[in-house]
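Colleague: Pasting a structure here, questions to come.
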Amino acid sequence: MRRNSERPVRITEVCLRDGSHVMKHQFTEEQVRFVTRALDEAGMHYIEVSHGDGLGGSTLQYGKSLVNEMKLIEAAVDECKQAQIAVLLIPGIGTIHELKQAANIGAKLVRVATHVTEADVSAQHIQFARELGMEVCGFLMMAHSASVEKLVEQGKLMESYGAEAVYVTDSAGALLPHEVRERIRALRQSLNIEIGFHGHNNLSVAVANTITAIEEGATRIDGSVRCLGAGAGNAQTEVLLAVLDRMGYKLDIDLYKMMDVAEEVVAPLLPVPQEIQKGSLVMGYAGVYSSFLLHAERAAQRFNVDARDILIELGKRKVVGGQEDMILDVAAELAKIKMEV
């Protein structure tokens with residue numbers, strides 16, 4: 001698992017959480033079991049399972065789940081012989097009640113996610129997760145939208161609450177490699193805990209960004225097999241593993257088996273092939289939260305406007321995750337302007 005004397009790099013596979021956005025939160029228990037079993041057999045370290053917006057996300061605003069996420073988490077735990085199940089929790093969407101439920105049925109890791117400038121809202125959840133005996137990471141979302149200094153300040157807060165790692169989370173897929181480098185380096189120099197990176201492929205640099213993060217000392221990284229994640233997906237896990245192997249990193253994950261998981265297990269589940277289309281490209285370009293894509297496309301159809309215009313305007317307004325209601329407001333405003341022209 002180690003390269004020379006470096007700390008081990010650990011991967012969290014997010015296709016069953018981030019990929020829930022692509023699936024419109026309609027994963028079945030059988031699908032979760034099938035994917036989890038295959039990932040576990042391949043040697044994956046962590047497998048994240050929950051609604052796309054984390055615990056408690058099954059709402060009208062974020063999208064209703066077909067199956068209660070606790071049943072999906074329980075099914076995933078049941079299929080694992082060596083991998084550990086992770087969950088995402090966004091304070092204000094998920095609660096400590098749901099976190100306790102997830103822990104009780106076997107989830108071992110929680111990533112507590114906040115907007116990059118709002119780490120203070122994570123204190124209660126991080127501390128409670130530690131009391132539950134869970135492994136706890138902080139997840140600073142929309143990391144492109146804050147200065148490096150602000151990112152470090154917020155990372156230090158999460159560290160002080162008890163987080164065992166802090167992630168630079170490129171929710172919009174907007175960061176370029178040099179921007180990842182300066183952020184990871186600054187956190188590595190300022191914090192005494194592990195640093196992680198979560199990328200999105202909206203500008204086709206998710207794998208490059210992840211490699212850059214590792215080169216700067218990140219030891220926790222995310223991938224989504226077959227790029228099954230919001231927007232254009234995340235760093236494609238099987239590709240990432242191949243690159244890391246070429247670079248000399250040995251992660252004890254079977255590359256051939258991960259290729260097979262991508263081709264034979266996950267690909268048939270995809271509603272459409274994961275590729276960088278104009279909507280996801282605009283999200284990376286404008287710096288918009290990746291899970292906004294489907295909401296923007298639906299709003300564009302409803303109000304007869306261009307989804308790209310909606311996303312660009314959301315980027316200008318610096319709308320963040322949790323403000324999905326703004327998408328309809330922007331679409332309505334654009335439609336009104338269109339009628340007046």
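Placed from the backbone N, Cα and C atoms, the Cβ positions cover glycine too.
Marked as active site, proton acceptor by Swiss-Prot on the basis of sequence analysis: HIS21. Look at Swiss-Prot and you will find ARG17, ASP18, SER171, HIS198, TYR289 tagged as substrate binding site. If you look up Swiss-Prot, you'll see 9-259 marked as domain 'Pyruvate carboxyltransferase', on the strength of sequence analysis. What Swiss-Prot lists as site 'Transition state stabilizer' is ARG17, and the listing cites sequence analysis.
Let's see these features in context: how buried, what's close, how far.
Modeller: HIS21 (active site, proton acceptor): 25 other CB atoms within 10 A of its CB, across all protein chains.
If you draw a 10 Å sphere around the CB of HIS198 (substrate binding site), it holds 31 other CB atoms from the protein chains shown.
Cβ contacts within 10 Å of ARG17 (substrate binding site), excluding its own Cβ and spanning all protein chains shown: 29.
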Colleague: Need one number: mean pLDDT over the domain 'Pyruvate carboxyltransferase' (9-259).
Modeller: 98
Colleague: Would you pick out, from the binding-site residues ASP18, SER171, TYR289, the residue whose Cβ has the largest number of other Cβ atoms within 10 Å?
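Modeller: Of ASP18, SER171, TYR289, the one with the most crowded Cβ is SER171.
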Colleague: Could you tell me the C-alpha distance between TYR289 (substrate binding site) and HIS21 (active site, proton acceptor) in angstrom, no decimals?
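Modeller: Approximately 12 Å lies between the Cα of TYR289 (substrate binding site) and that of HIS21 (active site, proton acceptor).
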Colleague: Which secondary structure state does DSSP assign to HIS21 (active site, proton acceptor), in the simple three-class scheme?
Modeller: helix
Colleague: Residues near the substrate site, ARG17, ASP18, SER171, HIS198, TYR289 excluded, by Cβ within 8 Å of the Cβ center?
Modeller: VAL14, GLY52, LEU88, MET141, THR169, HIS200, GLY229, ALA230, ASN234, SER290, SER291
